[in-house]
Amino acid sequence: MPLCLPSARPLPPLISCHASPAAVRTRTPSRVTPSPSPTLPIPSISLNPNSTPPPPLACALHCPHFQSCSGCTHEFDLHRPAIVDEASEFFQNLGVSDFAFDSCKLWGWRCRAKLAVRGSSENPLIGLYQEGTHNAVDIPECKGIRELSIEPYDEDEGTGDLRYVQMAVTTYDTSIPASKRYMNGKVQVSLVWNSRNENSPNSEKLQALANFLWRKGGRRNNVHLIQSIWANFQTSTNNIIFGNRWRHLLGEIDFWEHVGGIDISLAPSSFGQANTRAFDVLLQKLQKYVPYGSSVTDLYAGAGVIGSVRCVEINKESKLSFEKTVDRLPRSIDSSISWHHADTSKDPLSWVRGSDVVIVDPPRKGLDPSLLEALQNISTIERKAESSFESPCLNDKDEKRPWILRAREASVQIGSKTTSEDSKSVPQTLIYISCGWESFKEGVIIQQDCRSLLSTKAWRLEKAHGYNFFPGTQSIEVLAVFKRGGKVGLKLNKKKTGKKKKKLL
Ligand SMILES: C[S@@+](CC[C@H](N)C(=O)[O-])C[C@H]1O[C@@H](n2cnc3c(N)ncnc32)[C@H](O)[C@@H]1O
């Protein structure tokens, strides 16, 4: 996977597109069939799936770890994964004929990685897992682990010290020209340590490793690469990477990124996009679909990166980041902004109601079934609300439901509540940011979010855009805009229905 971790050595240009020697040698080992043979040079930034693509070797991956590492699935045509054809046809069938795919930056885009640490202290392996296994494929050489005899984690035994390393790059430094910010980014390093807390017997080694890294790349070093070092304590034997306890060890506490026109604070525990620049491009497009002055609810909000009016997020660690972000918002922004620690799958109606626009940015598995159901049945809800004086759950003084009370307790409210938040209105626009094409389009096991939303005719699909967030993979990010009311004559073919889908329809 093309990593963009700052390096003392100059990196290849970010936008140009050229073939690696490995790519010229052989073109066969891709794990998926490459898209049809193209004929024109240099990919454009915004590629329409119908336009003529660049030459076959022009957009190849240059990575010695391809094939062993599970990060990338194809080595060629990074600008246009084969899945774009499928997406284009899918949207065409749903009446959207102008689906465009933005190929984004093909190299040097990654600003976030979680790498497993396995092997032994003499021969540490740090990298992604080999495909289909839990064997880490080594990427860099890590002297610190050897010098300090740090034991990598042993999954079978549950022993060892260092389990994972998360690296997040901030490109925030506005004193540097925008084009150079990625290369000069600084890394927030999080060491996931196999102990309950910093008082555990092996935690001296943790501090020693942090000091070692800081000496090599911290603020006082000639090559200043590291912004901060954090520890996360995790002893659980499940597959969850992070535990609940975090400690700041060295460097700056605050980590800022500039996305969607605002400064965003991101704690290491918060969700962060792996391709900040591509996300920024997506946000610019998204803003065009939010009518001026509308009230917006952002479900699956993380630290509030989308900058909406009412953010709902399950990870309570993101609250502090949200508060810091709000502190930096320009004073000219005069609106009610709130962040709620809540699970959108519990009583989703209370979150869906009261906004003109709902934005959803769920994890790869797609929308929670209860939220999908609420969105599908929005017309019925609207009719009921019109004919009753029922007020929205969140503002009801007599509220008893524990999850709503908990959400209220952990909420952050800036400015007074908007009138529409108190109203019974239901959204007229639904903006779906999808990082899981399969669950959005046609998950066999999970659900078909897009088709399910259209099936009740409560929504019609108005626009769809695709983004290359992960060049080298068959993963695309989709921004889809739904408006209230159905469209006649759509091909909603009902093949491959999964269990959940049947229940929901
Ligand atoms: C793909 S991330 C998007 C975050 C944010 N929009 C961003 O771009 O930084 C999905 C987020 O949904 C949150 N999440 C997952 N399940 C949730 C649920 N049931 N209710 C609320 N938030 C949830 C995760 O913690 C994560 O922060």
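Cβ atoms here come from the backbone N, Cα and C positions, even for glycine.
Going through D356, D361, D368 against TrEMBL, the one listed in the S-adenosyl-L-methionine site together with Q273, Y300, E313 turns out to be D361. All protein chains included, E313 (S-adenosyl-L-methionine binding site) registers 25 other Cβ atoms within 10 Å of its own Cβ. Listed in sequence order, the residues F271, D298, A301, G302, V305, I306, P362, I433 complete the 8 Å Cβ shell around the S-adenosyl-L-methionine site centroid, once Q273, Y300, E313, D361 themselves are left out. The distance from the Cα of D361 (S-adenosyl-L-methionine binding site) to the Cα of C435 (active site, nucleophile) comes to 8 Å. Listed in sequence order, C111, R112, V259, F279, V305, F469 are the same-chain residues at least 6 apart in sequence whose CB falls under 8 Å from the CB of Q273 (S-adenosyl-L-methionine binding site).
Rounded to the nearest whole angstrom, the C-alpha distance between E313 (S-adenosyl-L-methionine binding site) and C435 (active site, nucleophile) is 17.
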